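So that we are looking at the same thing, I have put the structure below in structure tokens.
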Amino acid sequence: MDQTPVLSLSQVSKAFGAVRAVREVSLELHPGEVHALAGENGAGKSTIVKILSGVHRPDSGRILLDGEPVEFAGPGDAQQAGVAVIYQEPTLFPDLSVMENIFMGRQPRSRFGIDRRAMRAAAADLFARLGVRLDPDQPARGLSIADQQLVEIAKALSRRARVLIMDEPTAALSGNEVARLFGVATTLREQGCALLFISHRLEEMFELCTRVTTLRDGAYVATDLIADITPDDLVRRMVGRELDALFPKQETAAGEVALKVGRLTREGVFTDVSFEVRRGEIVALAGLVGAGRSEVARAIFGIDRWDAGSVEVDGRRLRPASPTAAMAAGLALVPEDRRQQGLVMDLSIERNIGLAGLAAVRRGPLVSRAAERRRAADWAVRLRLKYARLADPVNVLSGGNQQKVVLAKWLARGPSVLIVDEPTRGIDVGTKAEVHRLLSELAGSGVAVLMISSELPEVLGMADRVLVMHEGRLAAELSRAEATEESVMAAATGRSAA
Amino acid sequence: MRLEMVRRWEGLIFVLLVGVCVWASLGVDGFANGSNVSFLLLDTTEIALMALTMTLVIVAAEIDLSVASTLGLSCAVLGWLWNAGLSIEMIMPICLLVGALCGAVNGLLVTRLGLPSLAVTIGTFALFRGLAYVILGDQAVADLPPAYTGLATASIGPVPVATVLVAVLAVVAAVVLHATGVGRAVFALGSNEEAAYFSGVRVKRIKFWLFVATGVMASLASLVYTFRYASARADNGMGLELAVVAAVLLGGVSIFGGRGTLPGVLMAVLLLGVVRNALILADVANEVLNFVTGLLLVASVLAPNLGAVWRRRTTPSVEGKSAS
């Protein structure tokens, strides 16, 4: 390919505060190619998409359009340049028809206003080019996600888009729908569009794409011709980093079963999930974002209903859909979204810690402020919380200290099963190590720990066993010895069942 | 920081209350005497009673606009049953039950169907008042037992008996909100319902019972209202819901939930009562009276948010920076 790329990035970097999201990444999109962008969660794929679509401006490096440097001041500029993004879940106007969505703000006009006949013809023409059948007059409400994506693609075509970015378009599609989408993508490629395709499913990249660029931890790794590499090569490029000694898990003898999940199913979300966690064990639940890990945790803790299956804590069956019952049985959940689910940000440190244990700080019918404060102060010391006053609202604390407050809230209850969902997301390295040590100590003291994590080093360093989920099902259960970056990623991307 | 702002706000209301009292004592004839103070207190009874539970409801980030209609319906039931010959001792518990049912209807619609309480209680606002007219028409039932009508206007010294009732219930409400687990949960769920639910707070159950308590309080207010004016009518207490909400917001309770104190609300009830009373004594026209009440309400909603709005205006947003 010696022709000029239609759109390319040259040595682009972008940081958010102290986090360097992407570092010196280069990427070339040629007309008539489908280019895959590969990388683990957090490798910087979304940031690249946002830079290409004008949402973020790079701190350094250049964007080249037809070989000429350009600057996108906003998404409008990128659109003008012919860049369109198709998201996993498109956002159409539900009450407008398909064609009105396509031509929103650019309706063909006649002397008497909007020319609906011309609009209908133009929409039909676009669908004919894509080789799909959709009724231009149908309202967008009730369209399947796959059809909504097609409407978005038609909209992009009507704007004469030359670069189409598809950000995990297949995540919510069925097999037939994926095949149809790939057909459309191939058509577009043959018509000279450049496509950037992002997916967690390796087999899709190998089926559809011609080249692949891999990112790891925000840095550029390699660009390969798909024909030249194997899926194993690609996985190695995605994960190949050294394990550090940050994650010490003490060896503990596993005790009796504390949490037993049997064939748990929530329709359309996860299916037939069975596993056990013993006292003294840390079991990791690995998998890609969207594999259904957090949803399983939510169901176990009673936030969501389950449709079939059972959950037992210490041999007692749990009533479904009741966090209170789960808590009474000895379960605790440190949720994924700290700010929205873990804490009441406006409330003080002591009230947040007390919230999950109101019964414990009661004297008669009244809450004892002294007991509430003692409980908070006690756990603040144990977890080395950095704070000014316990009466301060938690929103003044750093992310790491906020996470400690959430942990304190649950540990103060003395749970027998602790579920932690992304326990170290967005917290600094020092606090991360403290959290890891704490989880290790808890397991040592006989707590059963179920840890959901998207960070492979954390999973491999901490877990006695690794459960891997893929598309709502348990794809593999790996012992500490069997679990490697390659084996976990292989199961998470659905390539093999170990 | 927020907590300090709340305290500052209540301090402000307190200063305002003292200031208005001093001004009225010096400048308005007939304000500072025992019988006027007694009348003033008595006149705020219904608003105070309903404001107690309304405070909890709004801290829980909900609202109940049907309170005055519940009061009206309870009055109508009282008049109808009295005409039918039941004893007043039988009727009063029935009225409280009616109030509880009205609250339960609101509570069920909000918690079971997940509808916004603003919409639900605008609906029941019309529904309950309409039902009141169906039951009693536009007649007034006035031949109520003097023992009760007398008690409703009686005073111990300058303090009306009804005010003693308010004081006792105010203590109960304040203790529930500020010193019990339920109160802690109400603040938490008003501020972040999802986080409260993830912490094991029974969000729906608490909200349901808050609406029931509000209904009971409205029917209790209906008893005081009926006996005080010795008249049970379907249109009793028309428009009081706005006065109640006004007092709660002026008292420093955030309309977005999660913030507020009961002492603040009680002071605001008094402040509105004093202003109204003083302006009436000063022969200010009724239209101006409503204008002043409205002004206080707008100020109370605006003031706590002005700071935030100002900060937003002066500091450019992240997007603004990156696009420059």
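Keep in mind that glycine also has a Cβ here, set from the backbone N, Cα and C atoms.
Straight from TrEMBL, here's the annotation block:
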type	residues	note
TRANSMEM	B:37-58	transmembrane segment
TRANSMEM	B:65-84	transmembrane segment
TRANSMEM	B:90-110	transmembrane segment
TRANSMEM	B:117-136	transmembrane segment
TRANSMEM	B:156-177	transmembrane segment
TRANSMEM	B:208-227	transmembrane segment
TRANSMEM	B:239-257	transmembrane segment
TRANSMEM	B:288-310	transmembrane segment
Take the C-beta pairs under 8 A between the transmembrane segment (B:239-257) and each of B:37-58, B:65-84, B:90-110, B:156-177, B:208-227. Which stretch has the highest count?
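The stretch with the most contacts is B:37-58.
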Looking at B:37-58, B:65-84, B:117-136, B:208-227, which one has the highest count of Cβ pairs under 8 angstroms to the transmembrane segment (B:90-110)?
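The listed stretch sharing the most Cβ pairs with the transmembrane segment (B:90-110) is B:208-227.
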At a Cβ cut-off of 8 Å, and with pairs 6 or more apart in sequence only, do we get at least 3 pairs between the transmembrane segment (B:65-84) and the transmembrane segment (B:156-177), yes or no?
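The answer is no, given that the two segments have fewer than 3 Cβ pairs within the 8 Å cut-off.
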Take a look at B:117-136, B:156-177, B:208-227 and tell me which one has the most Cβ pairs under 8 Å to the transmembrane segment (B:37-58).
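Ranked by Cβ pairs under 8 Å, first place goes to B:156-177.
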